[in-house]
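This structure is in structure tokens; I'll ask about it shortly.
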Amino acid sequence: MLIDQFGRKINYLRISVTQRCNFRCLYCMPKIPFDYQPKENLLSFEELFLFVKAAIDEGIEKIRITGGEPLLRKDLSIFIKMISDYKSDIDLAITTNGFLLKDFAKDLKNAGLKRLNISLDTLDHKKAKTLAQKDVLDSVLSGIDEALNLDLKVKLNTVALKNLNDDELISLLEFAKSKKAQIRFIEFMENTHAYGKLQGLKRDEIIQILSQKYQIQLIKKDEKAPVSIYKADDYEFGIIDPHSHEFCDSCNRIRLSAEGLLIPCLYFDEALSIKEAVRKGDIKAAVEILQEVLRNKPEKNKWSVVDNETSSRAFYQTGG
């Protein structure tokens, strides 16, 4: 079992398999060029899997594959199968923008993937092109349909932004309901790589908009994640509300970047590398680094909206 110095059980590992993305979303990585790591600096899937096996043996129970856009990483389904074959009951998920999903969903399911989160910020083609700086909507919608047709469990992620998609929150909720998928509205998380003029909606503003049509009822708050679950009449949806709902006291996660950096907190600059250890096949050393990262995991993150602090690490490096 993995326990940090504050007594928190750490059982959730988020793995960014690539920094690359085929979108240029305003809230994440709107400008180019980027400081991508050279390919040789990235851990191979075999190297990542050496660490994943050790992490599972130490107590990791949930793994999420992120990016960048993870479907840009060649042979991702092979990596998924490695993990699934090693521990078939692991809670294994992917977060994707959905653009390539139609082509890869079947392979991912056959490899053992059971669920995924898909970004969907708008149902309007013009807005989608503005947000992603690319004509993406038809491909994303096709990817959603393909995943659902394969009986993969789908959650839709929507970053709620003022003057961009705030007039679509109800229609997005209704779209998700029609697809029998859960939608999760996300408070915009400030970071130094986002377009500077963006303004996000807070939880109460999201609820206020949805309340124009629906009776909104709080069902529960997840004590291990910044998500609150609500009902709009008979439909359950989520709000990921890091501004409004501090969950540091029960945080259960660490992050691994594509180049092998173990990151204790999204809003914490310090990180340690497992690259040398796994490339030598030294699992004992990798586990010792993991334990040191847990000792370094802060009690609270350094993010304060009041103090106008933002993340200096790009989310495309860590998966958000």
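Backbone N, Cα and C atoms are what each Cβ position is placed from, and that goes for glycine too.
When I checked Swiss-Prot for this same protein, it listed these features:
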- 5-225: domain 'Radical SAM core' (DOMAIN)
- R14, R64, T95, K155, R253, I254, R255: GTP binding site (BINDING)
- C21, C25, C28: [4Fe-4S] cluster 1 binding site (BINDING)
- Y27, G68, S119, M189: S-adenosyl-L-methionine binding site (BINDING)
- C248, C251, C265: [4Fe-4S] cluster 2 binding site (BINDING)
Which three-state DSSP class does Y27 (S-adenosyl-L-methionine binding site) fall into?
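For Y27 (S-adenosyl-L-methionine binding site) - judged by DSSP and reduced to three states - the answer is coil.
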Measuring Cα to Cα, how many angstrom lie between M189 (S-adenosyl-L-methionine binding site) and K155 (GTP binding site)?
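Their Cα atoms are separated by 19 Å.
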Counting all other Cβ atoms within 10 Å across every protein chain shown, which of the binding-site residues R14, R64, R253, R255 scores highest?
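Per the Cβ count within 10 Å, the most buried is R255.
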Enumerate same-chain residues with a sequence separation of six or more from K155 (GTP binding site) and a Cβ-Cβ distance below 8 A; give 'none' if the list is empty.
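Non-local contacts for K155 (GTP binding site): R115, L116, N117, I118, A181, Q182, I183, R184, G238.
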Of the binding-site residues R64, T95, C251, R253, R255, which sits closest to C25 ([4Fe-4S] cluster 1 binding site) by Cα distance?
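Result: the closest of the binding-site residues to C25 ([4Fe-4S] cluster 1 binding site) is T95.
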Tell me, in order along the sequence, which binding-site residues from C21, C28, C265 have their CA within 10 Å of I254 (GTP binding site).
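Matched binding-site residues: C265, sequence order.
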Out of C21, C28, C251, I254, C265, give me whichever of these binding-site residues has the highest number of other Cβ atoms within 10 Å.
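Max Cβ neighbours within 10 Å, all protein chains included: C251.
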Calculate the distance in Å between the alpha carbons (Cα) of C265 ([4Fe-4S] cluster 2 binding site) and R14 (GTP binding site), and round it to a whole number.
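R14 (GTP binding site) has its Cα 11 Å from the Cα of C265 ([4Fe-4S] cluster 2 binding site).
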GTP site residues R14, R64, T95, K155, R253, I254, R255: biggest Cα-Cα distance, Å?
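The two farthest binding residues have Cα atoms 21 Å apart.
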Using a 10 Å radius around its CB, how many other CB atoms surround Y27 (S-adenosyl-L-methionine binding site)?
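By my count, 22.
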By a simple count, how many Cβ atoms lie within 10 Å of the Cβ of S119 (S-adenosyl-L-methionine binding site), its own Cβ left out?
22
Between C25, M189, C248, which of the binding-site residues has the fewest other CB atoms within 10 angstroms in the structure shown?
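Per-residue Cβ counts within 10 Å for the binding-site residues C25, M189, C248 bottom out at C248.
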Do you know offhand how many angstrom separate T95 (GTP binding site) and S119 (S-adenosyl-L-methionine binding site) by C-alpha?
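Cα-Cα, rounded: 8 Å.
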Just to be sure I understand the packing, how many Cβ atoms besides its own are within 10 Å of the Cβ of G68 (S-adenosyl-L-methionine binding site)?
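A count of 27.
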